[in-house]
Amino acid sequence: MAVKRPVRVLVDMDGVLADFESGLLQGFRRRFPEEPHVPLEQRRGFLANEQYGALRPDLAEKVASVYESPGFFLNLEPIPGALDALREMNDMKDTEVFICTTPLLKYDHCVGEKYRWVEQNLGPEFVERIILTRDKTVVMGDLLIDDKDNIQGLEETPSWEHILFTCCHNQHLALPPTRRRLLSWSDNWRGIIESKRASL
């Protein structure tokens, strides 16, 4: 009987491991207390600057200034259960785990802070498992756990199955029957990995 290869799991960072949305809202309200804001339960669409810009055009630039500022990514709180889940996943037999994250185009602070966040919260061994890319479709894997609902790039049919991680901006979306969702890190992520393993 042939030995099965390991399951490779790609895990997004912002909105999946690090609480980008809460950090953004808190930072925006702190910096611009007089401006209108979008409560988390009313967030719609992956890009916050687009929703803020629809409220008033100048708000798009203001909200972007929050996540482009030094310290923003470094100081994000972990998503509940994320760190323990990733450590357990990494210890699973025949399972390879990588953190697959897209840096901002305005990357001055973002890139270094993402590395430091991983080292501070998960340890140096996970720094070795960071993949920074603007196009996740070209990264080889079996599963991609990501809060972005529509991931496009050079590859029309990526090697991975996209598991949508529930976040405030996507919780209202109805997925087709062929798509799977992970509601939180308390949800059955182990079952998703094992079902993928069985299909390899």
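Every residue gets a Cβ built from N, Cα and C, even glycine.
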Listed in Swiss-Prot for the Mg(2+) site shared with Asp12, Asp14, one of Asp147, Asp149, Asp187: Asp147
Among Thr101, Thr178 - the residue Swiss-Prot places in the same substrate site as Phe20, Phe46, Tyr67, Lys136: Thr101
Annotated residue, phosphoserine, per Swiss-Prot; candidates Ser184, Ser195: Ser184
From the candidates Thr102, Thr157, the one which Swiss-Prot records as phosphothreonine: Thr102
Ser184 (phosphoserine) to Tyr67 (substrate binding site) - Cα separation in whole Å: 23
C-alpha spacing of Lys136 (substrate binding site) relative to Thr102 (phosphothreonine), in angstrom: 8
Same-chain residues at least 6 apart in sequence whose Cβ lies under 8 Å from Asp147 (Mg(2+) binding site): Asp12, Asp14, Gly15, Val16, Phe46, Leu164, Phe165, Thr166, Cys167, His169, Asn170
Shell list (Mg(2+); ref centroid = CB of Asp12, Asp14, Asp147; cutoff 8 A): Met13, Gly15, Val16, Leu17, Ala18, Phe20, Thr101, Asp146, Lys148, Phe165, Cys167
